[in-house]
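Here is what TrEMBL records for this protein:
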- 20-41: transmembrane segment (TRANSMEM)
- 361-384: transmembrane segment (TRANSMEM)
- 414-435: transmembrane segment (TRANSMEM)
- 447-470: transmembrane segment (TRANSMEM)
- 482-510: transmembrane segment (TRANSMEM)
- 522-547: transmembrane segment (TRANSMEM)
- 567-590: transmembrane segment (TRANSMEM)
């Protein structure tokens with residue numbers, strides 16, 4: 001036992017042990033990335049299943065059709081006459097129709113300011129009181145006048161009106177049904193659901209005159225195409241990467257794909273052969289949308305309030321018509337009507353790669369945790385390295401008892417490293433505020449100005465720090481250590497809330513783990529150029545070029561999402577990723593003082 005203990009102490013003092021962490025950090029990144037690409041395989045993914053027995057999707061006969069088709073055509077003619085009119089005129093007409101059905105109606109005004117623009121409108125909603133209920137629970141049926149692409153929902157609005165008339169005739173409902181007709185797909189639903197839960201700003205959003213019970217689920221219809229369709233596209237991405245309960249998606253798939261014989265698509269994968277490439281593409285598309293955290297439809301605003309919701313979009317050329325779409329909604333509503341309690345049995349954290357294939361959080365979370373762990377490993381490594389004792393050049397005598405000497409550490413000078421890291425974090429408030437508050441017309445020129453400043457500022461900051469303080473190699477190690485420690489902490493915490501965003505930022509920040517100060521001007525220039533290629537503005541510019549978008553349009557959407565839906569992706573980019581990148585640039589451009597000279601002397605001796 002004493003011999004084993006002495007061997008362990010000798011190993012701890014072995015300088016070769018400090019060569020392991022960089023390779024371990026690289027291994028964590030590689031394993032995390034490879035882990036992600038293994039998920040679509042059958043061995044790592046599972047088939048979907050219904051966890052909540054009370055749902056019983058596809059077990060009832062749907063009756064929507066027949067004479068309801070004539071009603072739908074009449075409503076469609078009414079809606080077509082409203083195209084191009086103001087929101088108030090549209091609501092006046094729609095309210096008269098809904099009131100004619102015998103439903104309680106109300107309106108709600110809202111107004112948001114974002115990117116120099118004003119988003120205002122008026123929601124119209126109605127409540128169908130359940131004959132067998134006590135107004136303690138409700139289901140929402142949503143139809144926005146315009147979808148997220150600003151196309152008029154010419155078939156969706158008439159279909160919702162027809163379904164409201166059809167639901168009114170049935171006495172089987174145990175939950176109230178709320179019909180929500182909003183002018184757009186983002187601001188309108190967000191204002192309504194905020195006010196429904198009394199979480200709204202009364203200066204911008206009006207309170208709701210009438211309410212029902214706790215919302216159990218919501219279905220939005222986005223039906224813009226005129227001809228018959230083949231399949232249904234389920235849009236399920238919520239704000240900040242939040243997702244509805246998997247049972248809701250499985251129920252819609254079971255009803256549309258099983259009972260109605262329709263095709264079902266996810267993540268705009270119109271043709272999916274359930275092979276590895278298509279599974280991987282579907283999963284990565286879902287991760288990208290979750291990472292961006294933007295609202296993808298009227299349903300997105302409900303999910304942060306723990307109201308499971310999806311948007312249904314018909315697509316393709318086929319023989320299915322509006323009646324078939326209505327029966328899908330009817331079957332889904334009747335399944336939700338069976339619930340004795342809120343959906344809770346199935347998963348809230350998952351990655352879908354096919355309509356019948358998914359991976360849960362326990363399977364995919366280790367990949368993001370490994371990527372985040374690499375930053376923590378390097379932070380601890382640099383902390384240990386910064387405390388290594390200085391080896392005098394003249395006293396390198398080899399004695400037989402040097403292994404028995406006590407381990408010494410040098411005193412760490414923490415003030416300057418902490419000040420640099422704090423400065424980087426404080427400066428991050430500038431781009432966060434600017435890009436979320438300037439007018440839309442100024443976003444593009446301001447971005448290119450910031451791109452130029454972002455390239456020159458690290459050079460200026462590094463020269464200023466070098467001139468005024470002459471940082472030592474130890475201090476540069478500490479700057480990088482503190483920066484990576486914060487980055488690893490943030491990403492590991494974020495991974496449990498928004499896995500996709502944590503994974504994306506972690507992989508893009510991976511080069512920060514391996515940059516280091518150098519006495520060679522060429523090494524400094526090469527390192528700085530490589531870091532600039534992976535900076536937040538450069539990645540944003542490259543993404544806009546790949547998607548064929550104007551960078552100003554992306555910044556506008558992010559600003560609108562910040563003010564309307566509360567998307568926090570911009571906070572992660574500017575207040576987590578960018579400060580770590582800035583600290584990494586300071587380290588790359590740094591020219592260590594006396595420590596560098598002493599290391600050279602030690603190597604010569």
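Glycine too: its Cβ is placed from the backbone N, Cα and C atoms.
Just so it is clear, the model here is predicted, and its values are computed rather than measured.
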Proximity verdict for the transmembrane segment (447-470) and the transmembrane segment (414-435), three or more C-beta pairs under 8 Å:
yes
Per the Cβ filter (under 8 Å) with a sequence gap of at least 6 from its ends, the transmembrane segment (20-41) is approached by 276, 279-280, 283, 351, 353, 357, 359, 363-364, 366-371, 373-375, 377-378, 380-381, 503, 506-507, 510, 513-514
For the transmembrane segment (482-510), the distant same-chain contacts (Cβ-Cβ under 8 Å, at least six residues beyond its ends) come to 29, 32-33, 36, 240-241, 286-291, 293, 349, 351, 361, 364-365, 367-369, 371-376, 378-380, 382, 417-418, 421, 424-425, 534, 539, 569, 572-573, 576-577, 579-581, 583-584
Among 361-384, 414-435, 567-590, the most Cβ pairs under 8 Å with the transmembrane segment (522-547) come from 567-590
